[in-house]
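Now, the feature entries from TrEMBL:
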DOMAIN    43-117  domain 'Phosphoribosyl-AMP cyclohydrolase'
BINDING   D90, D92, D94  Mg(2+) binding site
BINDING   C91, C108, C115  Zn(2+) binding site
REGION    147-173  region 'Disordered'
COMPBIAS  155-173  compositional bias 'Low complexity'
Amino acid sequence: MKTFAPRGTTEQIEEGRVFAPKFDADGLVPAIVADAWSGEVLMLAWMNDAALAKSIETCEAWFYSRSRGALWKKGETSGHVLRILEMRVDCDQDALLLRVEQAAPGTCHTGRASCFYRAVSLREPAGHTLVLQFKKAERVFDPAAVYGGEPNTKASVTPSGSTPSTGEPPATE
């Protein structure tokens with residue numbers, strides 16, 4: 001079921017007042033989430049038609065989990081709900097920006113304020129293994145305490161399925 005207006009001409013999409021989001025081939029649109037007060041980018045997630053409609057109706061951030069194939073309300077488990085103060089759409093209406101107020105500190109499932117806590121080394125020759133630099137990597141909450149070791153917590157398992165190192169990242173800036 002289509003909830004939003006059909007796409008129009010380029011002029012209508014770029015200059016018009018009708019919200020007609022462009023979903024990709026999988027029926028998804030990327031949503032950048034930023035703190036409404038500081039402007040800090042907190043996360044990137046995906047919305048399908050239903051998640052977008054629910055987010056607009058409730059003023060709370062709902063997303064579509066590509067791995068689980070289901071809607072999820074940000075903060076439903078952790079209590080770290082994101083209240084949407086403003087939603088913007090880019091010029092092509094194929095990306096969203098949610099300016100949010102956080103119910104609790106920390107948006108990332110790893111316990112950090114933002115999912116973007118590492119920087120990629122630049123000006124490195126092609127073919128080299130790039131080293132990530134930790135930036136603002138301190139944890140603002142304990143994921144084990146918040147999620148209780150739930151298996152759906154990404155922080156509890158590494159991509160290989162082994163338990164992650166308990167060591168802290170290098171000092172932050």
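Backbone N, Cα and C atoms are what each Cβ position is placed from, and that goes for glycine too.
Features per TrEMBL, on structure.
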residue : record              : CB count, 10 Å
D90     : Mg(2+) binding site : 15
C91     : Zn(2+) binding site : 10
D92     : Mg(2+) binding site : 12
D94     : Mg(2+) binding site : 15
C108    : Zn(2+) binding site : 21
C115    : Zn(2+) binding site : 16
Could you break down the residues of the domain 'Phosphoribosyl-AMP cyclohydrolase' (43-117) into DSSP helix, strand and coil, giving a count for each?
10 helix, 30 strand, 35 coil
Rounded to the nearest angstrom, how far is the Cα of D94 (Mg(2+) binding site) from the Cα of C108 (Zn(2+) binding site)?
24
Residue pair D94 (Mg(2+) binding site), C115 (Zn(2+) binding site) - Cα distance, angstrom, rounded:
22
For the domain 'Phosphoribosyl-AMP cyclohydrolase' (43-117), mean pLDDT (0 to 100):
97
Euclidean distance between Cα atoms of C115 (Zn(2+) binding site) and D92 (Mg(2+) binding site), Å:
25
Roughly how many Å lie between the Cα atoms of C115 (Zn(2+) binding site) and D90 (Mg(2+) binding site), rounded to a whole value?
22
Taking 8 Å from the centroid of the Cβ atoms of D90, D92, D94 as the cut-off, which other residues in that chain fall inside it around the Mg(2+) site?
K22, V89, C91, Q93, A95
